[in-house]
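Listed in Swiss-Prot:
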DOMAIN    50-80  domain '4Fe-4S ferredoxin-type 1'
BINDING   C60, C63, C66, C115  [4Fe-4S] cluster 1 binding site
BINDING   C70, C105, C108, C111  [4Fe-4S] cluster 2 binding site
DOMAIN    96-125  domain '4Fe-4S ferredoxin-type 2'
REGION    192-211  region 'Disordered'
Amino acid sequence: MDHKGTDPGFMNPVAGFGVTFKAMFKKRLTEQYPEQQKTTAPRFHGRHQLNRHPDGLEKCVGCELCAWACPADAIYVEGADNTDEERYSPGERYGRVYQINYARCILCGLCIEACPTRALTMTNEFELADSSRANLIFTKEQLLAGLEEGMVDSPHAIYPGTDEQDYYRGLVTEAAPGTVQQVAHSKGEVVQEGDSTFGATEPASEEVIRR
């Protein structure tokens, strides 16, 4: 058969449709997100979480090692000293300010490896998109883990008869009976008078503050 007069590009469309027809019968990999959400892996690198001890005190000691380890400069930490009147962690210091900028964060997990107290871990939450850059800066209050049974919100006193090492040995499993939350003077809170005469959100009088 003489092929001299045949156009060499004649078979190109046929070859192209051949690829299309073969793909029509393959298993589809498209996921109907967000209508159908796929379960993430157990060790998925999602939004960060600041963890608590079993009694509710914070694990973060404000060492800033996570900020130094971050290759994207996305973490900002300010440490402060604990006092007996206002204690946030069992140790000497705590993280007074903790921010993560998710406009910069690459979710690499290097900050998790650098944390000496396991205060920082990563959750399975990945829906972090927002229309505002300011909303992508998560504060300590947004990152701090919620309270579970047996916990009292910080600040409060450490478990009587224990020290910081006992917390890391796992000897403290819940808040001591009668533990109450302390007044957060560093956050501008003031002592409140009784609810019988003042509301829970009304400022205390100068007479009460001077006591």
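Each residue, glycine too, has its Cβ placed from N, Cα and C.
All protein chains considered, the CB of C66 ([4Fe-4S] cluster 1 binding site) has 24 other CB atoms within 10 Å. Closest to C105 ([4Fe-4S] cluster 2 binding site) by Cα-Cα distance, out of the binding-site residues C60, C63, C66, C115, is C66.
Between the listed binding-site residues, namely C60, C63, the fewest other CB atoms within 10 angstroms of a CB are found at C63. In the three-state DSSP classification, C63 ([4Fe-4S] cluster 1 binding site) falls within coil. Panel annotation: around the domain '4Fe-4S ferredoxin-type 2' (96-125), residues 40, 44-51, 58-63, 65-80, 133, 136-140, 143, 168, 186 of the same chain, lying at least six beyond its termini, place a Cβ under 8 Å from a Cβ of the stretch.
Ranking the binding-site residues C70, C108, C111 by the distance of their Cα atoms from the Cα of C60 ([4Fe-4S] cluster 1 binding site) places C111 first.
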